[in-house]
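Chemist: Quick one: structure below, then a few questions.
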């Protein structure tokens, strides 16, 4: 039974969904204004800009008033900005500049003449001359930012250049290094205070007690208490500074790493999504290395010399005790380095493999249960867990042994200071106060040295994590492609002598040449592994051809920004992926500004309307992780609606109806045939879906073996199949033929 039209509309647009249909909020419009201004500036200054990616980034940031908002937006266009003083008149040499406010409203000022400003107002073609009053009206409470292109050096300067590896990390670190400078200064003050406190004990034992100078005792005690309070405040301030810098680095780096993972070319991705996730998680090791405890320990090490000098000044020859202990502590730490590095590396590799197995098992949990393979999966998990635990135990035992020996060395150092000090005191070379002061200073001097073993373990973890992350951050991405924005496409496609093969695999496409006219509906069939799905991946620019060219409207795909190209292509993959959220969110994925009318059109074309009418909450229904609350056919219908939402000029379909029932499949064919100006490339094994196409191409071993009108190609295929069947029957022995014909029912 079909619901009335009004009932369908009610299910389609519940109040919450209808209100969220189109994001026409002022903040979105204003960030769009800023994005348009930056795109104009980038083109004016001749820097490469990927407009679609820039607009997405600016819109996704969300808060135009954030301190780093403009810097991040400009960096996407290879631009840098310098704030100009508001209390001084503007000069021509400061142009071009952005006039921008905290709401994201912006315009571009290109020149100044006769108290008027040549401006580009986003949304208005060309430039206009405005006076100061009009500027204030366009951008209220605006601030001036002079914009210049970032300097890049070409290959002629490589002789004097430093390697670029690791720039993703060090650029962020350098933006926060002023915090670590202040932390280092605080460490200097703290170590000076620590070196002064033992003098209090020396003064009390050598001056106050022998002379019963109670008044001096109170003065010294108050001074030391005040100094200790100041030290506490300095430690809290230093910890807060380092934690703030670490938190800012964490936010910036984690955002950059995730963005890099999203931009990775298909050929650059790790073989396992779980391994990739584990590598990204290893960023925690890098972040924790720069947390306050590690940084403060590293900061204390250089001041070891200060304490040795103070010990020599106070205790004379007693300085030999810590001088003898330091090499022992260092030898213990570095002797354990090789074993620590080996166990840490093995543990991280096994952890990555275990995470990959977890991802794989959870994604295929239904298959594991259906096959009764729980024991196999559990054994694999347990074996990896046992290996990780064994390495962790070995690592902890090494660190524990070193720490135990370090504790013994520190204790013996204290004993040696007292014993040698007593001998020197007997010779009247030292006083009791000096012995106590040297004992305190020795413990303070040796404390950071005794922590070197723990630092080595954290360093090995950080080093491995950094190298793994660096491989991801240096991998080829979509951003490496040319920055030419794809113009509105007509749908014309051409392959010119295209060859392609996956790594360590035979060629899938071999000098393929093919032309598809705008609005043409083309079917592609062939045996498994003949290159049909690869054809679609090349059209999506997920992979680049190893030779030849893929052209859209006579423009090579390698010249086009992949994002701007994919925005004009609708794609339904063979394996549909949905994300946790509502049906509507999954349809509007990447196109959140679609209106209700466009959404309804896409839903009807995809034959999703009847399905949504049966769902409890309509388009507001939660689909679950990977769309598990929907059937396979329902997921395919959602993917079809997603592909049709933007009314793309090119539609790529890879087995789009493999889980549809015949009636729904026929409705889908009828509705897709109404798309008159859309180029459709259909890959399928279902003969019924071929009713959608007018032209049919047959693939075999990466080559086109048949190409022409659908009915003619099908007639040839059926004729060949009939001839092959007759030949096979003729080749059988008579008894076999008789047996075959006699068993028909």
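Just so you know, glycine gets a Cβ as well, placed from its N, Cα and C.
TrEMBL labels come from automatic prediction, so no person has curated them.
Quick caveat, the model's predicted, so the values are computed rather than measured.
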Chemist: Which range, 698-721, 722-745, does TrEMBL list as region 'Disordered'?
Modeler: 722-745
Chemist: TrEMBL lists transmembrane segment for one of the ranges 319-340, 341-362, 363-384, 429-450; which is that range?
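Modeler: Spelled out, TrEMBL records transmembrane segment over residues 319-340, not the other listed ranges.
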Chemist: If you look at how TrEMBL annotates this chain, which of 266-288, 289-311, 404-426, 473-495 comes out as transmembrane segment?
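Modeler: Per TrEMBL, the stretch marked transmembrane segment is 404-426.
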Chemist: Would you please say which range out of 133-153, 154-174, 217-237, 238-258 has the annotation transmembrane segment in TrEMBL?
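Modeler: Transmembrane segment, as annotated by TrEMBL, spans 217-237.
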Chemist: Determine the mean pLDDT over the domain 'ABC transporter' (493-726), rounding to the nearest whole number.
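Modeler: So the average pLDDT across the domain 'ABC transporter' (493-726) works out to 86.
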